[in-house]
Amino acid sequence: MASARNPLLGSSHVKYSKLSRRSSLQDDHIPLMSMGPSSDFADGNEFEISVTPTKRKFCSCCSVLWNGFKSCFVRKTVLRSRTILIGHIDIEEKYPPNICNQKYNIITFVPGVLYNQFKFFLNLYFLIMACSQFIPSLKIGFLYTYWAPLGFVLSVTLIREAYDEWKRYHRDKEINSTRYKKVQSDGSSRYIASSQIKVSDVLIIEKDQRVPADLILLKSSEKNGTCFIRTDQLDGETDWKLKLAVPSTQSMDNHAAVVNCGAHVYADKPHNDIHSFIGSFTMVCRPGVIEESLSIENALWANTVVASGTAVGLVVYTGKHTRSVMNTSHPSTELIGMVDKEINFLTKILFTAVMVLSFALIAIKGFDGPWYRYMFRFVILFSYIIPISLRVNLDMGKAVYSWFIQKDASIPGTTVRCSTIPEELGRIDYVLSDKTGTLTQNEMIFKRLHIGTVAYGVDTMDEISNHLRQFYSAPKEELVDLNSTPSRNKKVKATPKIRKSSHTKTVEAVKALAICHNVTPVYECDSDSSPQLESKVYQASSPDEIALVKWTELVGLTLYKRDLNSMQLMLPNQEVANYSMLQIFPFTSESKRMGIIVKEESSGEIIFYMKGADTVMAKIVEFNDWLSEECDNMAREGLRTLVVGKRILTQDVYYDFERRYLQAKLSLTDRALKVTAVIETLERDLELLCVTGVEDQLQIDVRPTLEMLGNAGIRVWMLTGDKLETAMCIAKSSCLVSRDQDIHVFEQVMSRTETHLELNAFRRRAPDTALIIRGSSLDICLQYYAIEFVELACQCPAVVVCRCSPTQKAQIVTLLRNHTGKRICAVGDGGNDVSMIQAADCGLGIVGKEGKQASLAADFSVTQFCHIGPLLMVHGRNSYKRSASLSQFIIHRGLIISVMQAVFSSIFYFSSVPLYQGYLMVGYTTIFTMFPVFSLVLDQDVSPSVALRFPELYHELHKGRSLSLKTFLLWVLISVYQGGAIMYGALLLFDTEFIHAVSISFTSLIFTELLMVALTIRTWHWLMLACEGISLAIYFAALAVLKEYFDPAFLVSVDYVWRVVVITSISCLPLAIIKYLKKRLSPPMYSKLD
């Protein structure tokens, strides 16, 4: 849809330039604020947007090779329409199997993981360094000093990815092993796994069972061939959708007749539009050929749920051809966090420093002999400037962060499904959230009834029940027993208008709410004669409708039965009132109202009821002075309002309307306009009965969580498939849009000119105004003014997109990320949110009423929306700051020993001889310093309670100061100073034996590293002290064991001790003093809070 017209949405990282049409239309560009010539363009006139990569990928040849490797094993398929013979498999056609969420397969796993690792400059650099040790003239030390760290890094990565992929495999296996009934040719049924379902199979789907593939409804257990389904996993709407069986197969007696009918079903080619389907049903029988058209009303899409009865369906699409999968983006194989990218950039700077330093030493030494060989040996000697242990420690740190998240008692049930990007939680700028089931519990509760003179709230509902009992306590003419036969020929006498009491108004209002709806009661028992009220379940296309009918039942007026033509109400006195439904006018987003014409069987009275949005109904009902004020009051409380009215029709008026209405429905031209015009003749001067207020209950602590995110500098966008009015109501009730905040509702636009004018109107209000826009209007904006719209929307404090399809959600995420370069977090709970979750930098899935599909596809799974607060403010912040501190300290550890190597080489005639060899080098980066350095993953600057109480601390992370070029250069200066101080001090203080210089300098280096860890720690943990003690014990043990590197006699002398103490003090004491003075004179924000 939008992605086909807008190339902007298809790129992962783009830099935008001005919109331009193709060469024939280059001069037709209209500046946003100017009003030049404009025209409406056909869908075929695509726009081109010149894009420039924001960052060149290192080693693009590897990317080309990898894509070529994948193309050898992945065959591109062409989607075509299909004709299916019911119950017979076409062996010539190859249709895809069912759903798979795996990133790799058995062939691409190892090459894919290696590619994703070696496209990082750090790993590729060490691979080259390790391979160079096979060349004798370049060999510096032992092979294991280079290959062991690299092998360990790759092993850890392969094991972690294999474990994640294994979990995905088992999740898919669990889904694909779900068993369904398949109808055999003899009419019997057998169970088959979901993965065995093929196109042309006829399946039996029971109530509350999920549809495993895209089906055409052939037969329903309901006599009229109807079936209700829930589509919450597909489009996010919890409204039950009515589906119709194919009339020819619905009339068949049994399942065997359906399978053996010999009919063909034509289905158009697979696509991702969940609101359209084109097909036909053809069956040859004795009278001739029966051909019926098929539409969306006959289709059951995969991942929907049968809500009533039993459905028999023909499989037309499976696997990746289903609408559900085609609206789901594929899992990314490139889960790279911003910290990883920043560290990759720093390693390139370090590599440049290695090359410059090596060239400088060769230049000073002179370009004599094989200088290029000496220069490469220097590059290998200084390779520890880029520490391979950096990747190992960061990966292990991510595993620790993930463990902390899953063990946090304040967010129980949280699961980390992707352990490679926990630091991303600390860099989020935008949160894009679904509404239904994410911000709300999807439970509608009736809260308010206002009849003009009296308002009823939750505490006064018992008064309404009393009014109803009193009104129906005396026998009335219109009340009849269930088995009575009412008269149908009574005339309606005109009576003069009299002023009604509040008692009567209340009864009429409740009666209108009990009649004017599309709710159907369904009973679990099979008997039609004596249904039990306790086993009743309401079906409807809207949860609002169900909330109203449940409330009328609560106060005493119960919907007892309903079919296509009649309705029965159970009265408070246990009698039943019968009504014939003459006409129903369903709710549409354009009309914003629904109506029904009923005939009361006992009196013959014909009544037209209507309810709808206050903006529409205010023009339809009689003049009043309280409607607007009360609707505004309810809206401020976050309630969803409906205005209810009625009009009594005489038989002559109704018969005249019916004649004109049927005539309009048979019209072949402008049918919709003519039908609407006829209905509007009834919508005049309706008697205003009441205004209702229904609350969609929010998730626990949604308001404080959204407030916390706002204070943390995170902008929240709400993307929902619901109506504009519903979205606006929830935005207000959840405080996503504050009460004193202006709201700009982007009008419906259909052309470029309308979009241009509306954007200009929006621009004048943009900076401090919340935006609400429909998905269709957004599609037009992205087609013509993508850049301008995103720039304006990003200035808004909140954005709400309603009537948003799953594909559009993913497109918005991609567009926002590409345009702003910020980190995007997507939150959802349904299958319709999977595309958005997988397109974001960080995906959060909520386990809720809409299933676990979003939770399984997300990077992090939570049980409640309020858990996002601790997840970001505490764990995200700590993970980012810990990784920043850990990575810079490991770089410092490599830099300091490389500086010492440079000093040593420059003093000893620029020789390319290593200062420390063998086990000393391996031990320095591993057992001697590994535990204290890695213990930094336990460090924290503030407690979790402080981080939650002051979300402004999170706002600081957006600036990226914890890991920046400035902090990196500061650590470089520290490393140069300490490396120079240790090396020059050791060379000045040693006697005559060079081994003594090695002992003094190496011991001072180890002590310096341990002291620097202690100076870096902000909050001590007992494990940190243990790590420091264990490292010291290991090093002292190594001094006694590694006699070829140390002189045992010298180690126990006083000269050795005082020299080490002096050098270590010189390297660390000035830094400790500077840090203390800085903390006293310019303390950080977190220290002020504590």
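Positions of Cβ are set from backbone N, Cα and C atoms, glycine also.
Residues or ranges marked as active site, 4-aspartylphosphate intermediate by TrEMBL: Asp434. Neighbour density for Asp434 (active site, 4-aspartylphosphate intermediate): within 10 A of its CB lie 29 other CB atoms from the protein chains shown.
Among the features that TrEMBL reports, Mg(2+) binding site is placed at Asp434, Thr436, Asp829, Asp833.
Residues or ranges marked as ATP binding site by TrEMBL: Asp434, Lys435, Thr436, Glu545, Phe587, Lys611, Arg640, Thr720, Gly721, Asp722, Arg803, Lys809, Asn832, Asp833. The Cβ of Asp833 (Mg(2+) binding site) has 35 other Cβ atoms within 10 Å, all protein chains considered.
The feature domain 'P-type ATPase N-terminal' is assigned by TrEMBL to 93-146.
Sequence annotations record features per position, and here TrEMBL assigns domain 'P-type ATPase A' to 181-323.
Residues or ranges marked as transmembrane segment in TrEMBL: 144-163 (among others).
For 345-364 (among others), the entry in TrEMBL reads transmembrane segment.
TrEMBL lists 376-394 (among others) with the feature transmembrane segment.
Annotation comment: TrEMBL describes 890-910 (among others) as transmembrane segment. Listed by sequence, the residues of this chain that lie at least six past the ends of the transmembrane segment (890-910) yet keep a Cβ under 8 A from its Cβ atoms are 346, 350, 354, 357, 361-362, 364-365, 378, 381-382, 384-387, 389-390, 393, 916, 924-925, 929, 933, 968, 971-972, 974-976, 978-980, 982-984, 987, 1001, 1005, 1008-1009, 1012.
Using a Cβ-Cβ cut-off under 8 Å and counting only residues 6 or more beyond its ends in the same chain, the transmembrane segment (916-938) has close neighbours at 141-142, 144-145, 148-149, 384, 387, 389, 393, 396-397, 400-401, 882, 885-886, 889-890, 893-894, 897, 998, 1002, 1005-1006, 1009-1010, 1013, 1016-1017, 1021, 1023-1024, 1027-1028, 1030-1031, 1034-1035, 1038, 1042, 1045. If you look up TrEMBL, you'll see 916-938 (among others) marked as transmembrane segment.
According to TrEMBL, the transmembrane segment annotation covers 968-988 (among others).
What TrEMBL records for 994-1015 (among others) is transmembrane segment.
The transmembrane segment annotation in TrEMBL covers 1022-1041 (among others).
The transmembrane segment annotation in TrEMBL covers 1056-1077 (among others).
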Quiz item: Which one of these binding-site residues has the most other Cβ atoms within 10 Å of its own Cβ: Thr436, Asn832?
Solution: Asn832
Quiz item: binding-site residues Phe587, Gly721, Asp829, Asp833: which have a Cα within 10 Å of Asp434 (active site, 4-aspartylphosphate intermediate)?
Solution: Gly721, Asp829, Asp833
Quiz item: In terms of Cβ proximity under 8 Å, which residues at least six beyond the ends of the transmembrane segment (968-988) contact it?
Solution: 346, 349, 888-889, 891-892, 895-900, 902-904, 907, 997, 1000-1001, 1004-1005, 1008, 1012, 1059, 1062-1063, 1066-1068, 1071
Exercise. With a Cβ cut-off under 8 Å, give me the same-chain residues at least six positions beyond the ends of the transmembrane segment (1022-1041) that come close to it.
Key: 919, 923, 927-932, 934-935, 938-939, 1003, 1006, 1010, 1013-1014, 1048, 1051
Self-check item: Distal contacts, the transmembrane segment (994-1015) - CB-CB under 8 A, six or more residues away
Solution: 889, 892-893, 896-897, 900, 915-916, 920, 924, 928-929, 932-933, 935-936, 978, 982-983, 985-987, 1028, 1031-1032, 1035, 1039, 1045-1047, 1050-1051, 1056, 1059-1060, 1063-1064, 1067-1068, 1071-1072, 1075
Exercise. Take the domain 'P-type ATPase N-terminal' (93-146) and average the pLDDT across it for me.
Key: 74
Exercise. Could you tell me what the rest of the chain brings near the transmembrane segment (376-394), counting residues at least six beyond its ends with Cβ under 8 Å?
Key: 120, 122-123, 125-126, 129, 132-133, 138, 140, 149-150, 152-153, 156, 339-340, 343, 347, 350-351, 353-355, 357-358, 361-362, 883, 886-887, 890-891, 893-895, 897-898, 901-902, 905, 912, 914, 921, 925-926, 930, 933-934
Practice problem: Return the member of Thr436, Asp829, Asp833 nearest to Arg640 (ATP binding site) in space, with distance defined Cα to Cα and candidates limited to these binding-site residues. | Solution: Thr436
Quiz item: How far apart, in Å, are the two Cα atoms that lie farthest from each other among Asp434, Lys435, Thr436, Glu545, Phe587, Lys611, Arg640, Thr720, Gly721, Asp722, Arg803, Lys809, Asn832, Asp833, the residues recorded as binding ATP?
Solution: 32
Practice problem: Measuring CA to CA, name the entry from the binding-site residues Phe587, Gly721, Arg803, Asn832 that ends up nearest Thr436 (Mg(2+) binding site). | Solution: Gly721
Quiz prompt | Cβ atoms near Arg803 (ATP binding site) (within 10 Å, other residues, all chains) | solution = 20
Quiz item: Which residue counts does DSSP give the domain 'P-type ATPase A' (181-323) for helix, strand and coil?
Solution: 23 helix, 57 strand, 63 coil
